[in-house]
Amino acid sequence: MVLTAEKDDQWEVVDIESGLDGASSVVDRQDSLFREAVRGGHHSAGAGHYEQDSWWRTLRLAFQCVGILYGDVGTSPLYVYSTTFDHGVGHPDDILGVLSLIIYSFMLFTVIKIVFVALHANDDGDGGTFALYSLISRHAKVSLIPNHQAEDELVSSYGKQGKPSATMRRANWLKHLLETSKAAKISLFLLTILAIAMVISDAVLTPPISVLSAVSGLKEKVPGLTTDQIVWITVAILVVLFAIQRFGTDKVGYSFAPIIMLWLLLIGGVGLYNLIKYDVGVLRSFNPKYIIDYFRRNKKEGWVSLGDILLVFTGTEALFANLGYFSIKSIQLSFSFGLLPSIFLTYIGQAAYLRRHPEHFADTFYRSVPSPLFWPTFILAIAASIIGSQAMISCAFATVSHLQTLSCFPRVRILHTSKRFHGQLYVPEVNLLLCVAACLVTVSFKTTTIIGKAHEICVILVMIITTLLMTIVMLLVWKISIWWIALFFFIFIPIESIYLSSVLYKFIHGPYVPVAMSVVLMVVMIVWHYVHAKRYKYELKHTLSPNKAKELLEHHDLKRVPGVGLFYTELVQGIPPIFPHLIEKIPTIHSVLIFVSIKHLHVPHVDASERFLFRQVEPKEYKVFRCVARYGYRDSVDQEAEGFVLALVESLQYYIRDVNLYTVDEIQSISYPISRDHSLSREKPSGRHGIYAEEMITPIQSFSELTTLSNGVSNRLPQFQASKMNIAELAKIEEEQKFIQRETEKGVVYILGESEVVARPQSSLLKKIVVNYIYSFLRKNFMQGEKMLSIPHGKLLKVGISYEI
């Protein structure tokens, strides 16, 4: 198709299909495993994009990730043997059996499953349970809130792909099941928030067990120290640890790597020394026969001890979740040649020492350290335990941030502590709660044995849920052979279930603590999400129809005042019912009125050029617009209000230009690539560009909706209509843009809807308790919307309304 475009004050002929070549890549993208394979698996640290393969850069990232990712895993040797042999060593070969279990469990779950499989199931470089859920959500509409828009799939990071027919049929079957079954959606949602709750509970337990086990080494040099004194020293260190969170890991993060590297070299060297000095024969534990012998000898006690072996894997969820700051190759390299040999040497060396001194089962780690190295080891143990705790605390902050994008958590202030490394967060309220909970756990349990048993259930439940979500990703996203998927599922699920049964058997001896914490967290998440979804559906059902909106705007009593009004609403479809309530109380609106919706997509980041999506409400002369501001779950929303307005107004002016440059006939002649679920409508548009609630849930129907395509595609499209427009029409467009700018300069007022939600009188007692009491309590005791959006208090207008749901 040949069209005319303006260039250097002359008109030339171009082909619109070539202008769309760049846009076609929007939907022809590779994801997850295949994106990693094509791009070399290099994710820029903290930058959210891939770079050209560079061994120097990979080595640099490999060194840096040692400090951020391996602190928790690297401090597990402090307490694994003391927790496993809490009643003593029954038979000398039991040490070989436990060591064999440690070696093969670590290889299976951490090395194979996480480092060499799960890391590839990343969401454009981001890992963790939430990233898996986000990845699934992009390939199947599993959200319980009906705010999906076809245009969301045109965002550049929302890529999808096609695969061969057999795998595609399975993927489509699973997609259909997830989208049509409410039970499947709810189950997937509950699994995700359960894993998230366990990760937050893990962030409560990791600091006490790591720091307490490190501090307990003082007893070797100061025998007079009591257990209570050890506990209070630990509490003091924990308070300092949580107090420095406000400064952010960026200030000290890259000093972590040398400390953890020294720690790994030290414990690996000590392990090698113990192996040579005490019993080289423990290397026989690489023979899995000793596992069979261990269970044959110990029977039920051997099965029960399986839960204690899980402590070897603590920190793997943080390793997976923090993938976004590094690259897959860098993690695999540092893990294989740094952490793995050091950890194995440490466990092997302790086993060799225990073979000679089985009576020292309670404090194996420090007893096995040569006397001249005690104080360097003790100092590094304290430092490493603090760094390992830091990783889990940071993971908890990121998790809370992700929960807010799912509308599953009350509003809390999320501070970005680093301008250089995006995603380093600090949440004051959560930090305080974690600190109090960690100190209470330390004071209550006093020993690492009980805390360790409590820790086990967090580890195993997150492992099982990761396996389940990974299986869905393999079917829905990777679309690989069913035999590989079956192999993965039927290896890990049965083995992990055995470990889970062992943990549940000891439920009343510790695991009940994180379960109780997780239940409280899940109640908060479920209540908040349930009421939010109900309120959204209520507002969607009661949106103004086009005729009602037109009648309201044309009412003779309605006055216009200078300036721009930004009316914040959660609806991405239509005009909210709170708007006529405002007009009824104050029959006045601004010269330019924009309904703004803040929407989080299931992608890590949304480029600034794709941030805003506009539509105009009829009649056009009233200058009323709808705007959806789209963010990824790692994007910061708490930018300054002034900067947000400038970006919004600039995008609005582009929209005004584009919406007037193209005619309906020319819109019909364009074939634009879109997602596999939607295509351009071939029906004759009505000629207007205002899209209302009932239209916004259908496929794209006007060319103006393409004005927010990735990488500024709309700005590169040939402005073929401009050649047919006369000077007066072009001047009209320019005047409309200037009008928007003038009104912006006159002032901006932020209008925030505050909807009080109550249960209907005929609702059940449970629903009344959930809505009228629990949700109301959470809403009143957490941050208000204007603080979350950084709205200046002097320019804020609140509008209150009550909804019965």
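Every residue gets a Cβ built from N, Cα and C, even glycine.
As annotated by TrEMBL, domain 'K+ potassium transporter integral membrane' applies to 61-545.
Annotated domain 'K+ potassium transporter C-terminal' per TrEMBL: 562-805, in sequence order.
Remote same-chain partners of the transmembrane segment (95-119), defined as residues 6 or more beyond its termini with a Cβ less than 8 Å from a stretch Cβ, comprise 73, 80-81, 84-85, 89, 127, 282, 284-288, 290-291, 293-295, 297-298, 302, 305-306, 309, 312-313, 316, 319-320, 323, 328, 331-332, 335-336, 340, 343-344, 347-348, 351, 354-355, 358, 463, 466-467, 470, 488, 491-492, 495-496. Feature annotation from TrEMBL assigns transmembrane segment to 95-119 (among others).
Summarising the annotation, TrEMBL assigns transmembrane segment to 186-205 (among others).
Per TrEMBL, the feature transmembrane segment maps to 225-244 (among others). When Cβ-Cβ distances below 8 Å are used as the criterion, the transmembrane segment (225-244) is approached by residues 207-208, 211-212, 215-216, 218-219, 382, 386, 389-390, 393, 431-432, 434-435, 438-439, 442-443, 446-447 of the same chain, each at least six residues removed from its ends.
Positions annotated as transmembrane segment by TrEMBL: 256-276 (among others).
Residues or ranges marked as transmembrane segment by TrEMBL: 303-326 (among others). Outside the transmembrane segment (303-326) by six or more residues, the chain places 43, 45-46, 48, 61, 64-65, 68-74, 76, 79-80, 83-84, 86, 98, 101-102, 105-106, 109-110, 114-115, 118-119, 122, 125-131, 199, 202, 206, 295, 347, 388, 391-392, 394-395, 398-399, 421, 423, 452-453, 455-456, 459-460, 462-463, 466, 498-499, 501-503, 505-506, 604, 634 with a CB less than 8 A from a CB of the stretch.
Nonlocal intrachain contacts for the transmembrane segment (333-353), taken as residues 6+ away from its ends with a CB within less than 8 angstroms of a stretch CB, comprise 58-59, 62-63, 65-66, 70, 73-74, 76-77, 80-81, 95-96, 98-99, 102-103, 106, 111, 115, 261, 264-265, 267-275, 277-280, 282-283, 285, 312, 360, 364-365, 367-368. According to TrEMBL, the transmembrane segment annotation covers 333-353 (among others).
According to TrEMBL, the feature transmembrane segment maps to 373-404 (among others).
Taken from TrEMBL, the feature transmembrane segment applies to 457-478 (among others).
According to TrEMBL, the transmembrane segment annotation covers 485-505 (among others).
Under the heading transmembrane segment, TrEMBL lists 511-531 (among others).
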Distal contacts, the transmembrane segment (256-276) - CB-CB under 8 A, six or more residues away: 63-68, 70-71, 74-75, 77, 249, 282-283, 338-339, 341-350, 352-353, 368-370, 373, 376-377, 380-381, 383-384, 387, 390
Tertiary contacts of the transmembrane segment (457-478), as residues 6+ beyond its ends and Cβ separation under 8 Å: 31-34, 109, 113, 117-118, 121, 129, 132-133, 135-136, 139-140, 170-171, 174-175, 178, 188, 191-192, 194-195, 198-199, 201-202, 205, 307, 310-311, 313-314, 316-317, 320, 484-485, 488-489, 492-493, 496-497, 499-500, 503-504, 507, 511, 514-515
Sequence-remote partners of the transmembrane segment (485-505) [C-beta within less than 8 Å, at least six residues beyond its ends]: 108-109, 113, 117, 303-307, 309-310, 453, 456-457, 460-461, 463-464, 467-468, 470-471, 474-475, 511
